[in-house]
Amino acid sequence: MTHMLNAAADRVKWTRSSAAKRAACLVAAAYALKTLYPIIGKRLKQSGHGKKKAAAYPAAENTEILHCTETICEKPSPGVNADFFKQLLELRKILFPKLVTTETGWLCLHSVALISRTFLSIYVAGLDGKIVKSIVEKKPRTFIIKLIKWLMIAIPATFVNSAIRYLECKLALAFRTRLVDHAYETYFTNQTYYKVINMDGRLANPDQSLTEDIMMFSQSVAHLYSNLTKPILDVMLTSYTLIQTATSRGASPIGPTLLAGLVVYATAKVLKACSPKFGKLVAEEAHRKGYLRYVHSRIIANVEEIAFYRGHKVEMKQLQKSYKALADQMNLILSKRLWYIMIEQFLMKYVWSSSGLIMVAIPIITATGFADGEDGQKQVMVSERTEAFTTARNLLASGADAIERIMSSYKEVTELAGYTARVYNMFWVFDEVKRGIYKRTAVIQESESHSKNGAKVELPLSDTLAIKGKVIDVDHGIICENVPIITPAGEVVASRLNFKVEEGMHLLITGPNGCGKSSLFRILSGLWPVYEGVLYKPPPQHMFYIPQRPYMSLGSLRDQVIYPDSVDDMHDKGYTDQDLERILHNVHLYHIVQREGGWDAVMDWKDVLSGGEKQRMGMARMFYHKPKYALLDECTSAVSIDVEGKIFQAAKGAGISLLSITHRPSLWKYHTHLLQFDGEGGWRFEQLDTAIRLTLSEEKQKLESQLAGIPKMQQRLNELCKILGEDSVLKTIKNEDETS
């Protein structure tokens, strides 16, 4: 090898060191070409194959749904692309709503700590070189002084290291707090929390997005800022220091710089080619975690029904299936990380270490600024080269570690892309639902030539059912003018309702199951949109809805009566505990005050109170809020008839207009008008004559009881005819009627 370098140098008139540097560059270039060529060729083949596949199946990219004016496409998987940066910039507006914020303060402190750590690293690298030089020169006094300096600098260095971790956690917590505050404000505005589940189908598990997704996104952003800012600064400062050191010693930094750039570039290309789609994998993992949590919460919410049916085996299989899907996804991620980290460690630990030794050796070997050639200065020469080598090695190790963290961060960036897509999608859905834009998910079947599996796409209701109706708040009366009842799925339950309920009127609403009775209450409460017509109704504070199963909130007994008011709201309205006691007397519920330990008793009220007590608590809330209109949806079905009648009479006496859904004839006398649905889209609104309706009801029950025995009598008659071998007169008449 030496003869070859000498011959090449003599022919082109290069120095031996110049020939060695050029030879090293050529070897590195050849190695990089050998490494990158198969990867690039593979990528080009995949790209060409993808284009051919796209040309062969042009209809697979876009899927059109019948009755939809908009072409709907499947969502692209999250990745580091233009969409990712666009979503991140949109979320930045939430994280930093203005220039001077708490988050900005923590970010500045974190940046100062990162910059301080970089300068400390450079200073420690130089100090290490001086310590090694003092050892080589056999100067114990100098060694002790330098060692003391090294120990003294360790105090601020360790503090800065601890501060970096502390500030990173504080920054992540500040980001999470900002996102949670904004999410909660949007989630509880305009009843979005209801509509995002019942009217929209894009978010399967909002609780997952509001908790874990926001947490993981905040931690990932803060960690990436730390893992990218400091390494980039380290690379810049260490490179500048190394170049300055090499130049001051008379060595050329071009060769090592080119080698470093080539190695880093080759490593980046290899890692990018080998990197799995971590963004898509992490997003799918988060989705499966959310579904597993949903299955658990579903069991908890229906635990009594499952126990009655003894359905524990079915539910256990569902849980096991959901957990297995999550475990399979986690195993897939772990297996892909195994091979990716192996390749990453090989390139960054061993390939970079060998390249680093070459980069450090070349400037020191070729440098002319050391005292060389004189016998009296041999010791100085050795110590200076040792110091330069140690300092350069430490600086290079610091720079290599920084580049390694930058390149390793690509995997974390792809994971951040998954969290960013989920959090951004959550805010996007919340905003659209708040503005009355709903989209539901439909499953369509592709043609057999493309796929045998159904593709899930989003069907915007706004394309099929435009919301053209108007809702106008008025002080008096409820008026429906051509208002249809349409479910979130787009089914028309009743068409063009027209009725008017004035103050002092009491409306009874009847009809078979699924005819639209409760749906009408959802429209009046603003939960469902008015697709056509005009709805005049009082403001929400003048209407109060009581369901069949009232919600029991967390808190004291007092909180149950005044829900959703707080104690301060109660005092502002002028209520006292004595007033609440009178309300409980009205609904025959005062005994629970003594039974449960007073107004300040805190319990899990949904388990403490019986079904009838919970329904009476719902009626107590009505007397507390004193609305103009009360929407009663089978709210006293578990209350005895005598107590139920007293409550309704007290409500009428309090001046509350009742809109009641009930099947009990005993309550008809408390109403003045009737809205009856026929279950086929028809309806009628009329004044209620209780006496006539009760008479008709009694006649209906009498006929039902008489006709109930006819099938048994007919069966017995047939048996007697067979035994006697005779025909029945009724059969003869029936046959004659059929013949004629």
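Cβ atoms here come from the backbone N, Cα and C positions, even for glycine.
Source: prediction; values computed, not measured.
Some features that Swiss-Prot has for this protein:
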REGION    1-218  region 'Interaction with PEX19'
TRANSMEM  107-127  transmembrane segment
TRANSMEM  144-164  transmembrane segment
CARBOHYD  N190  N-linked glycosylation site
CARBOHYD  N227  N-linked glycosylation site
TRANSMEM  251-271  transmembrane segment
TRANSMEM  351-371  transmembrane segment
BINDING   G511, P512, N513, G514, C515, G516, K517, S518  ATP binding site
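Tertiary neighbourhood of the transmembrane segment (144-164): same-chain residues 110, 113-114, 116-117, 120, 123-124, 127-128, 130-131, 134, 226, 230, selected by CB-CB distance under 8 Å and a gap of 6+ residues from either end. With respect to their backbone Cα atoms, G511 (ATP binding site) and N190 (N-linked glycosylation site) stand 30 Å from each other. Distance between Cα atoms for K517 (ATP binding site) and N190 (N-linked glycosylation site): 23 Å, as a whole number. Counting every protein chain shown, 13 other Cβ atoms lie within 10 Å of the Cβ of N190 (N-linked glycosylation site). G514 (ATP binding site) sits 26 Å from N190 (N-linked glycosylation site), taking the CA atoms of both as reference points. Between the recorded positions N227, N513, S518, the minimum number of other C-beta atoms within 10 Å of a residue's C-beta occurs at N513.
Comparing Cα positions, N227 (N-linked glycosylation site) lies closest to S518 out of the binding-site residues P512, N513, C515, S518.
The Cβ neighbour count for P512 (ATP binding site), using a 10 Å radius and every protein chain shown, is 10.
Put simply, N190 (N-linked glycosylation site) is 20 Å from S518 (ATP binding site) when counted between their Cα atoms.
Residues V493, S519, F677, G679 surround the recorded ATP site, their Cβ atoms falling within 8 Å of the Cβ centroid of G511, P512, N513, G514, C515, G516, K517, S518, which are themselves excluded.
Taken as a whole, the region 'Interaction with PEX19' (1-218) shows an average pLDDT of 72 in this prediction. Shown are the binding-site residues G511, G514, G516; the one with the most C-beta atoms within 10 angstroms of its own C-beta is G516. K517 (ATP binding site) has a Cβ environment of 23 other Cβ atoms inside 10 Å.
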